[in-house]
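Trainee: One structure follows; several queries about it will come next.
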Amino acid sequence: MTEVVPSSALSEVSLRLLCHDDIDTVKHLCGDWFPIEYPDSWYRDITSNKKFFSLAATYRGAIVGMIVAEIKNRTKIHKEDGDILASSFSVDTQVAYILSLGVVKEFRKHGIGSLLLESLKDHISTTAQDHCKAIYLHVLTTNNTAINFYENRDFRQHHYLPYYYSIRGVLKDGFTYVLYINGGHPPWTILDYIQHLGSALANLSPCSIPHRIYRQAHSLLCSFLPWSSISSKGGIEYSRTM
């Protein structure tokens, strides 16, 4: 497709689910967009299997973009991404995995990728409601265009995956990117626990614990977090009448 795309193209874009008749077109598009070769069974699955959310963006009848995602229980997350969610979430908590998101070159920077991503979020809110806590994906470390796209939409790098991809016999590194939704979050780190302790101390009334113990805990915390907002200069004031 080499036609000049008008700036108003997004207003003419329609969305529909992929179907079996789209297989040849989708194969051609994925060959242009991605360096990975997918088996024929993959194309059959994403165009026919209802477990996939496979949405096409069309312009004047032609597919110019698509997103393929799967909403699944957290127990089905592959081992390398098993810590996307904190262990406190129940086993029936769901996540959404983006298998593919692409837009025809001439139609990029027209908002079509964002439209497809927002449509996935709408689908999640309708089907999984608040049971889905994260949307995640994998991307080549060298794919700066995709990385910038996701980072600009609040996805954050979660893992570095060395030798994750095999492309024409050559091993390539990847990243896992995650967008947390509906209160989802990763496991806490040591820094998270320290910051939580700092917040808890900041909310305590000094009169509720012995003055001396409070001062010792406060000093210890500040030694870990010199930037802490509960410093004695700008934080809690002590009463001299305690």
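Glycine is no exception: its Cβ is also placed from the backbone N, Cα and C atoms.
A quick note: this is a predicted structure, and the numbers were derived from the prediction, not measured.
Annotated active site per Swiss-Prot: TYR97, HIS138, in sequence order, evidence recorded as similarity to another entry. The feature substrate binding site is assigned by Swiss-Prot to TYR38, LEU99, TYR165, with similarity to another entry given as support. The feature acetyl-CoA binding site is assigned by Swiss-Prot to LEU101, GLY102, VAL103, LYS109, HIS110, GLY111, ILE112, GLY113, SER114, ASN143, TYR150, GLU151, ASN152, ARG153. Under the heading N6-acetyllysine, Swiss-Prot lists LYS79, LYS105, LYS109, LYS121, citing similarity to another entry as support. Here Swiss-Prot flags 162-173 as region 'Required for homodimerization'. Per Swiss-Prot, topological domain 'Cytoplasmic' is recorded for 1-192, 237-242, and the stated evidence type is similarity to another entry.
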Trainee: Can you check what DSSP calls LYS109 (N6-acetyllysine), collapsed to helix, strand or coil?
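Mentor: For LYS109 (N6-acetyllysine) - judged by DSSP and reduced to three states - the answer is coil.
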Trainee: Whole-number answer please: how many Å between the C-alpha atoms of ASN152 (acetyl-CoA binding site) and LEU99 (substrate binding site)?
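Mentor: If we compare the Cα positions of ASN152 (acetyl-CoA binding site) and LEU99 (substrate binding site), the gap is 19 Å.
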Trainee: Where the record says LEU101, GLY102, VAL103, LYS109, HIS110, GLY111, ILE112, GLY113, SER114, ASN143, TYR150, GLU151, ASN152, ARG153 bind acetyl-CoA, what is the longest distance in Å from one Cα to another among those residues?
Mentor: 19
Trainee: Using C-alpha atoms, which one of the recorded positions TYR38, TYR97, LYS109, LYS121, HIS138 comes nearest to VAL103 (acetyl-CoA binding site)?
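Mentor: Result: the closest of the recorded positions to VAL103 (acetyl-CoA binding site) is LYS109.
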Trainee: Highest CB neighbour count within 10 A among the recorded positions TYR97, TYR150?
Mentor: TYR150
Trainee: Taking DSSP states H, G and I as helix and E and B as strand, how many residues of the region 'Required for homodimerization' (162-173) are helix, strand and coil?
Mentor: 0 helix, 10 strand, 2 coil
Trainee: Reduced to three states, what secondary structure does DSSP give ASN152 (acetyl-CoA binding site)?
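Mentor: The three-state answer is coil.
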Trainee: What are the sequence-distant neighbours of ILE112 (acetyl-CoA binding site), meaning same chain, six or more residues apart, C-beta distance under 8 angstroms?
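Mentor: Expected: ALA9, LEU10, VAL13, ALA57, VAL64, GLY65, VAL103.
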Trainee: Rank the recorded positions LYS79, HIS110, LYS121 by the number of other Cβ atoms within 10 Å of each Cβ and report the first-ranked residue.
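Mentor: When each Cβ's neighbours within 10 Å are tallied, HIS110 leads.
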Trainee: Measuring CA to CA, name the entry from the recorded positions TYR38, LYS79, LEU99, HIS138, TYR150 that ends up nearest LYS109 (N6-acetyllysine).
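Mentor: Ranked by Cα distance from LYS109 (N6-acetyllysine), first place goes to TYR150.
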Trainee: Determine the Cβ neighbour count for LEU99 (substrate binding site): the number of other Cβ atoms within 10 Å of its Cβ.
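Mentor: For LEU99 (substrate binding site), the count of other Cβ atoms within 10 Å is 17.
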Trainee: Compute the C-alpha separation of LYS79 (N6-acetyllysine) from LEU99 (substrate binding site), stating it in Å without decimals.
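Mentor: Each residue's Cα considered, LYS79 (N6-acetyllysine) and LEU99 (substrate binding site) end up 17 Å apart.
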